[in-house]
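A.B. asks: My questions will all concern the structure given below.
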Amino acid sequence: MHLVCSCIASGDFRPRTVWLGHPEKREQRYPKNVINNQKYNFFTFLPGVLFNQFKYFFNLYFLLLACSQFVEELRLGALYTYWVPLGLVLFITIAREAIEEIRCYLRDKEVNSQIYSKLSTRGTVKVKSSGIQVGDLIIVEKNQRVPADMIFLRTSERNGSCFLRTDQLDGETDWKLRLPVACTQRLPTAGDLLQIRSFVYAEEPNIDIHNFIGTFTREDGDPPVNESLSIENTLWASTVVASGTVVGVVIYTGKELRSVMNTSNPRHKVGLFDLEVNCLTKILFGALVVVSLVMVALQHFAGRWYLQIFRFLLLFSHIVPISLRVNLDMGKMVFSWMIKRDSKIPGTVVRASTIPEQLGRISYLLTDKTGTLTQNEMVFRRLHLGTVAYGMDSMDEVQSHIFSAYTQPTHDLPASRTPAATKVRKTISSRVHEAVKAIALVHNVTPVYESNGVTDQAEAEQHYEDTCRVYQASSPDEVSLVQWTESVGLTLVGRDQSSMQLRTPTGQIMNFTILQIFPFTYESKRMGIIVRDESAGEITFYMKGADMVMAGIVQYNDWLEEECGNMAREGLRVLVVAKKSLTEEQYQDFEARYVQAKLSVHDRSLKVATVIESLEMEMELLCLTGVEDQLQTDVRPTLEILRNAGIKVWMLTGDKLETATCTAKNAHLITRSQDIHIFRPVTTRGEAHLELNAFRRKHDCALVISGDSLEVCLKYYEYEFMELACQCPAVVCCRCTPTQKAQIVRLLQERTGKLTCAVGDGGNDVSMIQEADCGVGVEGKEGKQASLAADFSVTQFKHLGRLLMVHGRNSYKRAAALSQFVIHRSLCISTMQAVFSSVFYFASVPLYQGFLIIGYSTVYTMFPVFSLVLDKDVKSEVAMLYPELYKDLLKGRPLSFKTFLIWVLISIYQGSIIMYGALLLFESEFVHIVAISFTSLILTELLMVALTVQTWHWFMIVAELLSLACYIASLVFLHEFIDIYFITTVSFLWKVTAITLVSCLPLYILKYLRRRFSPPNYSKLTT
């Protein structure tokens, strides 16, 4: 859910003591629990929308023009000739904003009106989400959204825990395990929560959704109870309860919610195309001022010349077309609609309909790896024990070792019990058994049983029914490891807060008590668990983690580093598994220190880490595991298309260097013929300087660099590094943090001035997606957070090829043609006005008045001109087959000063021909000039659209015929401007035909000659 918050000074937030069920005991005022995503309210809507429109110079300019018509000396005709076009533009804008605001209000109202149950002294009462206060005891049912940030007090689940779905908060689709406060979970009923004297001490609100520090205190206990609270005791707002019914005490509401504080207002993206059009309109405005001054100068600044300047500014105001903005906005809506309707990229969503043409000019594509280029579906590939390795083809050997370990009579005398003095080498069978047992125990996976139509949930849970079991975990790596242990005979069948059950190949259930669990964090890059084997009474500390951190924890060995490198080069994600046996005394000593550290409020995480590290020494290395993340479908051909289109692809990932390099090779991001320069780890300025010099000597070489080295290079040699990196055909940045990803995007934009596109699928890609000129979210295993924050959302990476090559290219070319044609339409009539005024002694008299001037840019020419949004130079199949066509657009040729100048010259030529032709051929009455010139102008515009069109669409033909029919039909009502009898004469017809031919025929001849002797690239493919 998108939640918008205003910037809040961190000084406003303070820690708090929250009494259970007593909101009236609060020490300070807390914000209301109301979600508000609206930009305006009822009173600020109209002023706000109008201000946002008129803060731009051109809209203000047209407003001033319209207002000037109330001044008698400046009036040029009927008021509606200026107010109707402006009113139409404003009406469309206000209507669009109003629809968006109403949708937003209804979404907010739905969330704020959700009903929850609250525990009170009067029993259970119903309360709206917006009425919830800090200190309230709220009951949340299964599949219900958590309405505020709460501390988890009780659950109805027998195992004493619950699962949360957090995809709307952190973008991860896997369920998270949460644990209630032990003291409150032990109470007989939920109502007893109101009978005890207890409070929660919570840290000040902050943006960190992965950490929490607090304590729970019960004062009326004997002795008083003190419990530490961490992230696993929290229920953050915007998550959904996935199992059981929970009770929590509210600690944060409104703008203090973690979800609200994490929602930054994304920057408003203005397309490069819009900036270029703005630049052209500024040139047109300059031309308008110059023409007006020239007209007054030719009158020798006679009389009230300053009034004449204003009158000429009004007279030539069509030089700056008011309809340009509306035409482009409507065109972009059509482009967005076409993207959504494309059956070849199903499920694609356009969230930013203001920038579809940006997709046609991308120079740099920055992509995440896991879940974007790869499927985020893990497959277990390798088990390495140092002296022996098992691949997919030898898993049956592992299975037989496990089977023999549990069927031989010696299996209950574990190898760890053998005295060290005997120096007996463990048999391969016992080493495999220990490794598999460790993998089956060191994780955060919970087996969940669901009814399958034959067996109901309770029965499946009781008998550990294999067909009903689903594994839930916060990482697909962990699930793949547990599924693998099941396939070789050791099955995880049960787990709750304090115990775990494994089933051996013989069907025997082994019980383990979970004494402590140390979850995985991005900082520690490892997770550990201390379990007691109930049958043997042994206490074992198991740990698994990344090789970088585990290398310093395990006992000395000579194979770990080399084998990790080998497995990573095969594209496998490597985990190191180790163990340490503890005596009861060692564990009791550790537990006392650990509990003490967890209760501290200041520097808790540091103290806890120090205590855990005291255990993490001289651990026995058991094995390495390698899982493979498979590539998404058609990643290779898509990257090939992008490369041929002139787009440089950079891969930014949090994964390790070897795995990232291997995936880049596997996906053909780095071609087989390319050299790879792996940037050595650097920490100082001197090292960075030497390494950059070494890199400078290489040519046409792909770069692989880690996040740490990147940070050092950017700190000391930002300009030099970016200059070298931008010359590389491909760049891979590994071990990247989300902020680093966004920083790289920003630097590319600043250093190159080129357009960037960022593609990702997880919450860690959001900052990069929002920073890029075009953000594309892939809906994947990690949830929808990236796709919700993106400008465009696709279901698969391969759809990106069509999105850019077909829709991006078409949108840009069509927008360029449309904008230049609207400018041409306005310049034509302005040129005619200039010629008319020049001939009649520089009089500031309008050539066309009333409905003629409004009808010209609306009913008579609007549909044919707008139909250019359906034009295309090549078929979509050809655009996909020849991505080189996209390369032409990167130079910005469809809309440049050169093309703009050509259209200006065409407009001046046609406007002059039509006006001088009408003046030469008009007979005694002035009204005949209007009839001849206006009819010729309309026909010229319709023929120019026909000249510009490259592929005819039925709508274009209908638009042309309809516009002509509208003009002919309206002549009956325009008798005050046009002589109805004159236009039916042969004289009128031949004069109009002659003028129209002279204005258009030379352009048709030029187009034919250009196509014959200098054809554009696309025409070679269509012939």
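Just so it is clear, glycine is given a Cβ too, placed from its N, Cα and C backbone atoms.
According to TrEMBL, the record shows the following:
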DOMAIN    22-82  domain 'P-type ATPase N-terminal'
TRANSMEM  42-64  transmembrane segment
TRANSMEM  76-95  transmembrane segment
DOMAIN    122-256  domain 'P-type ATPase A'
TRANSMEM  275-299  transmembrane segment
TRANSMEM  305-328  transmembrane segment
BINDING   ASP368, THR370, ASP761, ASP765  Mg(2+) binding site
BINDING   ASP368, LYS369, THR370, GLU478, PHE520, LYS544, ARG573, THR653, GLY654, ASP655, ARG735, LYS741, ASN764, ASP765  ATP binding site
ACT_SITE  ASP368  active site, 4-aspartylphosphate intermediate
DOMAIN    788-1015  domain 'P-type ATPase C-terminal'
TRANSMEM  822-842  transmembrane segment
TRANSMEM  848-870  transmembrane segment
TRANSMEM  900-920  transmembrane segment
TRANSMEM  926-947  transmembrane segment
TRANSMEM  954-974  transmembrane segment
TRANSMEM  980-1006  transmembrane segment
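For the listed features, I'd like the structural context: burial, neighbours, distances.
C.D. replies: This prediction places the mean pLDDT of the domain 'P-type ATPase N-terminal' (22-82) at 80.
Tertiary proximity for the transmembrane segment (42-64) is limited to same-chain residues at least six positions away from its ends with a CB under 8 Å from its CB atoms, namely 82, 85-86, 89-90, 93-94, 97-98, 101, 281, 285, 317, 320, 322, 325.
Tertiary neighbourhood of the transmembrane segment (275-299): same-chain residues 58, 61, 305, 308-309, 312-313, 315-317, 319-321, 324, 328, 819, 823, 827, 830, 834, 837-838, 842, 844, 892, 895, 900, selected by CB-CB distance under 8 Å and a gap of 6+ residues from either end.
Remote same-chain partners of the transmembrane segment (305-328), defined as residues 6 or more beyond its termini with a Cβ less than 8 Å from a stretch Cβ, comprise 58-59, 61-62, 65, 68-69, 73-74, 76, 85-86, 88-89, 92, 274, 277, 281, 284-285, 287-289, 291-293, 295-296, 299, 815, 818-819, 822-823, 825-827, 829-830, 833-834, 837, 844, 846, 853, 857-858, 862, 865-866.
Counting Cβ atoms from all protein chains shown, THR370 (Mg(2+) binding site) has 26 others lying within 10 Å of its own Cβ.
Cβ-based neighbour count (10 Å, all protein chains) for ASP368 (Mg(2+) binding site) stands at 29.
Among residues of the same chain six or more beyond the transmembrane segment (848-870), those with a C-beta under 8 A of the stretch's C-beta atoms are 76-78, 80-81, 84-85, 318, 321, 323, 327, 330-331, 334-335, 814, 817-818, 821-822, 825-826, 829, 930, 934, 937-938, 941-942, 945, 948-949, 953, 955-956, 959-960, 962-963, 966-967, 970, 974, 976-977.
For the transmembrane segment (926-947), the list of distant contacts is 821, 824-825, 828-829, 832, 847-848, 852, 856, 860-861, 864-865, 867-868, 910, 914-915, 917-919, 956, 960, 963-964, 967, 977-979, 982-983, 988, 991-992, 995-996, 999-1000, 1003-1004, 1007: same-chain residues at least six beyond its ends, Cβ to Cβ under 8 Å.
Beyond the ends of the transmembrane segment (980-1006), by six or more residues, the same chain brings 906, 909-910, 913-914, 917-918, 921, 923, 927-928, 931-933, 935-936, 939-940, 943-944, 947, 971-972 to within a C-beta distance below 8 angstroms of the stretch.
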A.B. asks: Where among 76-95, 822-842, 954-974 do we find the most Cβ pairs under 8 Å to the transmembrane segment (900-920)?
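C.D. replies: Top-ranked stretch among 76-95, 822-842, 954-974: 822-842.
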A.B. asks: How many other Cβ atoms sit within 10 Å of the Cβ of ASP765 (Mg(2+) binding site)?
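C.D. replies: ASP765 (Mg(2+) binding site): 34 neighbouring Cβ atoms within 10 Å.
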A.B. asks: Rounded to a whole number, how many Å is the Cα of ASP368 (Mg(2+) binding site) away from the Cα of ARG735 (ATP binding site)?
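C.D. replies: Cα-Cα distance, ASP368 (Mg(2+) binding site) to ARG735 (ATP binding site): 11 Å.
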A.B. asks: Could you tell me what the rest of the chain brings near the transmembrane segment (76-95), counting residues at least six beyond its ends with Cβ under 8 Å?
C.D. replies: 46, 49-50, 53, 59, 62-63, 65-66, 69-70, 311, 314-315, 322-323, 325-326, 329, 844, 846, 849-850, 853-854, 857-858
A.B. asks: I'd like the Cβ neighbour count for ASP761 (Mg(2+) binding site), meaning other Cβ atoms within 10 Å of its Cβ, all protein chains included.
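C.D. replies: For ASP761 (Mg(2+) binding site), the 10 Å Cβ neighbour count is 33.
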A.B. asks: Counting each residue once, how many in the domain 'P-type ATPase A' (122-256) are helix, strand and coil under DSSP?
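C.D. replies: Its residues fall into 22 helix, 52 strand, 61 coil.
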A.B. asks: I need the CA-to-CA distance for PHE520 (ATP binding site) versus ASP761 (Mg(2+) binding site), whole Å please.
C.D. replies: 21
A.B. asks: Tally of helix, strand and coil residues over the domain 'P-type ATPase N-terminal' (22-82) according to DSSP?
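C.D. replies: Within the domain 'P-type ATPase N-terminal' (22-82) the tally stands at 31 helix, 0 strand, 30 coil.
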A.B. asks: Round to a whole number and give the Cα-to-Cα distance in Å for the pair THR370 (Mg(2+) binding site) and GLY654 (ATP binding site).
C.D. replies: 9
